[in-house]
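Below is one structure, written out as structure tokens, with a few remarks after it.
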Amino acid sequence: MNDSAHIDYARYDHIRPLLWTGDALELLDQRKLPFVVEHVRCDSSDAVAEAIHSLAVRGAPAIGIAAGWGVVLAAREIAADSGSEALQKLEPALLRLNAARPTAVNLAWALMRMRRVLAAAGPDWRDVLAREAQAIADEDLAANRHMGALGAGLIAPGSGVLTHCNTGSLATAGFGTALGVIRAGMAQQRISKVFAGETRPWLQGARLTVWELQQDGIDATLIADSAASHLMKSGLVQWVIVGADRICANGDTANKIGSYQLAIAARHHGVKFMVVAPSSTVDMATADGDQIEIEQRDPGELFGVGGVRTVADGIHAWNPVFDVTPGHLIDAIVTERGVIAQPDLARMQAAFGN
């Protein structure tokens, strides 16, 4: 069921994390939200790569879009008579952008698109790059709105939902993936209650998700990550809805650390588990989750909150950013191409090919 026509996008889709000005890429600095609304101006591809690595911009679709504009900025620093010549000169910048966040497949996918159009371009290769970067952003927004309606159609009226990390407008070109489903579900009066996990250590749920929902006038309840199983046992939620940074050929899904344990708890308590992501997040070349490189960040991120240290000196920490949820724990993967129920290799191949 697709009820996108009944969604008031003026209310539910007005936050934009990226703005191309024609001269630079303006990024809403997500490290400073919700108390400071400030933009980072990126005038070079290296500035974009740093913004991606430092989490000024985050969310798999958003960093792919940012990388596309990063290539446009890199193009201003070289001279070339054709796209193929430019591609050789731009390769170092492309590699630096790709290395900024290794787990999210959207980053490599966006850069591959830029490479492909550049290789075939003539003397107008700079214009070709700019058009492709804009197309990546436009297609993402359209996909998110479509996925929102598809995912909402799976939810029975009166349901409660739990989400993790931030998968909204801040993580995409707009509207969001998992949060787009929640927005659509609220607009269609299918969802009665929204819960959001805080998502340590960067607190994307606490700092970003509940702030986004507040901007839309959606009442959301924040919980500690450790309260999720108890919440499910209470019967207050019928769905856990998350995004994805990489979806493998068998349905295994890499997402923000903590997603795996939510899927385990959801299966135990009879709560359904939905993954929402554009098809650009699907990586049919990766057989299963064991093949995914899991990004490790500075252990120091676990030592405090808001710049205040809460851990004694001399303590060691382990800080993986993502985990992998096995496909057999996922009830539905929603992309703009449709819904894959109980994903496995055969169903994924039927939807996305080999």
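Cβ atoms here come from the backbone N, Cα and C positions, even for glycine.
What Swiss-Prot says about this one:
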- ASP245: active site, proton donor (ACT_SITE)
- ARG58, GLY59, ALA60, ARG101, GLN204, ASN255, LYS256: substrate binding site (BINDING)
- CYS165: site 'Transition state stabilizer' (SITE)
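If you measure from the Cα atom of ALA60 (substrate binding site) to that of ASP245 (active site, proton donor), you get 5 Å. Between the CA atoms of GLN204 (substrate binding site) and CYS165 (site 'Transition state stabilizer') there is a gap of 5 Å. Of the recorded residues, CYS165 (site 'Transition state stabilizer') and the residue listed as 'active site, proton donor' place their C-alpha atoms 12 Å from one another. For LYS256 (substrate binding site), the count of additional Cβ atoms within 10 Å of its Cβ stands at 25 [all protein chains shown]. Residue with the densest Cβ environment among the binding-site residues ARG58, ARG101: ARG58, by other Cβ atoms within 10 Å. Under a cutoff of 8 A between CB atoms, and with a sequence separation of 6+ in the same chain, the neighbours of ASN255 (substrate binding site) are HIS164, CYS165, VAL242, GLY243, ALA244, ASP245, VAL275, PHE322, ASP323, THR325. Over all protein chains present, the Cβ of GLY59 (substrate binding site) has 31 other Cβ atoms lying within 10 Å.
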